[in-house]
């Protein structure tokens, strides 16, 4: 595969503006990678998908591992063509960013993966052979990821050792210019997070993956642990983060130096009948303080406006709240299509506005206003702490 | 009675009773023979209106019974009808609601007044659907074609009940015509009843043609009757119905039924089959049905149908659709898109063949592709086509 290039477009340590490129494909960061389920973006046929502002798609391998090797690896044209994502940057991970299995048994020989027919085992050799067939633009390294809240120190250390060994094996075996994202670990143990970040950064990886979805009880704790890892990573490589999705968390993670996210949050909200109403860095004096509206609510039965009147998404341009409410009540699948079309569109635009805000050097003020509007005073105070002292020192003290 | 449609026949088959026409309705022209997909609750199973327009769909169905329950008549009045509700700029047809009541509700009782049935939400109360209610509701929905409330009896019913239903359907047609408030922009179609009895059908035809409605449906069929009787009733009706009005065969949607009924002179069809079967993973093709759930498709890297130009076939292999079929909504959407494209393309091919006056050749090729060998041809289809001068058993040179 051609090399994945990452260029930082500004010189700020934490407020990063970057550009990921591979051949003619470009992904400006901060940004998100579209999640898929069995190789499709939830509820969206390819024509509806292409109405949305996205350039990168992530495939979850475990969803195809009911039978190994998966049939899709036998397709001669690679994963881009098989899944009809030719024009997208294609990323592969083993696990689903949205659904981590609770009891995962891994060993030196294999890791456990969740398929539609139950738990299966995957070896490094098989994983690499599937990646060789898929030829994605970049993929997550084989890793001994921990997904329970509490693990002993020894288990955490072992997971990092294993993950690093597998990373070395991987980089030995793959062709040059294979774009592998190193998976960072360390769980809730700061020293181990630092070690994992340092050691992974020494290897020839194209970027880093940090999953904070199962650590910390609050998003503040998750952000704190994220910060611990991020501050030990080199500037010139992209950082993909799972486990943070609300607009407030995205803003905070961006200000900590995260570049890429997944789309679990907008998808989950759509599946719950919610349409995003939040706005970031706009002139509008929106008095609405809610992030989303619940279309199941009876109050929308006779509301003949679009979700967001100024929104340019396909759903808002053509359909009303009352119609979506009707579709939800009638259990019609089109409700999900409209809600996810809107939420993903808004989410994609949200990242566009974040980049623009960083470019215009108004990000801190835009973020402060956003958090004030949507999260209230308490949250703002917390988020403002970040600028008070350089983060790089913080960990060593801990 | 007053009509809000224009009917222009473009071509007549010189062998069969098939014809190609332009049915000009308030929301645009419909090329017939036409298959109308069914968007029961003002939505076609996950497909957007834009996708349907891209497929070339000119008219679709909504079900009156469902829309009457949800979102309800008051809201339909407020929004200005079903076109606006679902943002559909092309034509709509609604049924009377009576069929759903009889088929969905076990405790329906039919009296001269109307159809009495138990409320689906409150089992202690009952609702009476009269011809006046049905039309009133259909006036609120605002479809371009609306149907009379008829007294539906199963096509397997025999005896005096069939005759009673036929006469009652005529009386109810009169009440519908009287109750219809929008004849200037909604076309009320009569529904020919009379069961499988030739005499009763003739009487009903005579009486309903007298009422001079803008179009006619052939009702009381597709209820499990012998196909060999079904086609005879259809052809009896098309023989008598006025040539300058559209004829609609309700609930017909299997490919071979469409091809045969077009030869018998039917212009319009609807059926939930193509969209319903998609949800079970079944894709329609000229060579028959593929159940994409089957493991033999797991590594099949061909499109569903190689000469199909639908989005699904242009974008994906059978192996990909197999991964999603019946598991993810996208799998259902992809097969639904294909199946609707298949139905609409079949109708386009039928219209082209009739226009070029090559319908008999088309019909023969169609049966050969679908059934492969003559011993598999359905006997009723062979008989029906023979009645309009196509002998499937004789190959053309």
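Glycine is treated like the rest: Cβ placed from N, Cα and C.
What you are looking at is a predicted structure, and each value in this text was computed from that prediction instead of being measured.
Residues or ranges marked as active site, proton acceptor in TrEMBL: B:95. Proximity of residue B:95 (active site, proton acceptor) to non-local residues of its own chain (separation of 6 or more, Cβ distance below 8 Å) is seen for B:61, B:63, B:64, B:65, B:147, B:250, given in sequence order. Taken residue by residue with DSSP, residue B:95 (active site, proton acceptor) is part of neither helix nor strand, so it is coil.
Residues or ranges marked as active site, nucleophile in TrEMBL: B:270. Residue B:270 (active site, nucleophile): 22 other CB atoms within 10 A of its CB, across all protein chains.
In sequence order, B:96, B:98, B:165, B:169, B:172, B:173, B:191, B:193, B:219, B:220 constitute the residues six or more apart from residue B:150 (substrate binding site) in its chain with CB-CB distances below 8 Å. TrEMBL lists B:95, B:96, B:97, B:98, B:99, B:150, B:193, B:220 with the feature substrate binding site.
Of all Cβ atoms in the protein chains displayed, 19 besides its own lie within 10 Å of the Cβ of residue B:308 (Zn(2+) binding site). DSSP classifies residue B:308 (Zn(2+) binding site) as coil under the three-state reduction. Summarising the annotation, TrEMBL assigns Zn(2+) binding site to B:308, B:310, B:313, B:338.
The annotation domain 'tRNA-guanine(15) transglycosylase-like' is assigned in TrEMBL to B:16-369.
Per TrEMBL, the feature region 'RNA binding' maps to B:251-257 (among others). Within the same chain, residues 35, 221-222, 266, 269-274, 284, 343, 346, 366-367, 370, 378, 381 sit at least 6 positions outside the region 'RNA binding' (B:251-257) and bring their C-beta atoms closer than 8 Å to a C-beta of that stretch.
In the predicted model, the region 'RNA binding' (B:275-279) shows an average pLDDT of 97. Sequence annotations record features per position, and here TrEMBL assigns region 'RNA binding' to B:275-279 (among others).
Looking only at Cα atoms, residue B:270 (active site, nucleophile) sits nearest to B:338 among the binding-site residues B:308, B:310, B:313, B:338. Note on proximity: among B:308, B:310, B:338, the binding-site residues of the record, the Cα nearest residue B:97 (substrate binding site) is that of B:338. In the structure as shown, the Cβ atom of residue B:338 (Zn(2+) binding site) sits within 10 Å of 28 other Cβ atoms. Sitting within 8 Å of the Cβ centre of B:308, B:310, B:313, B:338, and not among those site residues for Zn(2+), are the Cβ atoms of B:303, B:304, B:305, B:309, B:311, B:312, B:314, B:337, B:341, B:342.
Distance noted between the C-alpha atoms of residue B:308 (Zn(2+) binding site) and residue B:99 (substrate binding site) is 35 Å. Within 10 Å of the C-beta of residue B:313 (Zn(2+) binding site) we count 24 further C-beta atoms, all protein chains included. Taking the Cα atom of each, residue B:338 (Zn(2+) binding site) and residue B:99 (substrate binding site) are about 28 angstrom apart. For residue B:99 (substrate binding site), the same-chain residues that are 6 or more apart in sequence and have a Cβ closer than 8 Å to its Cβ are B:152, B:250.
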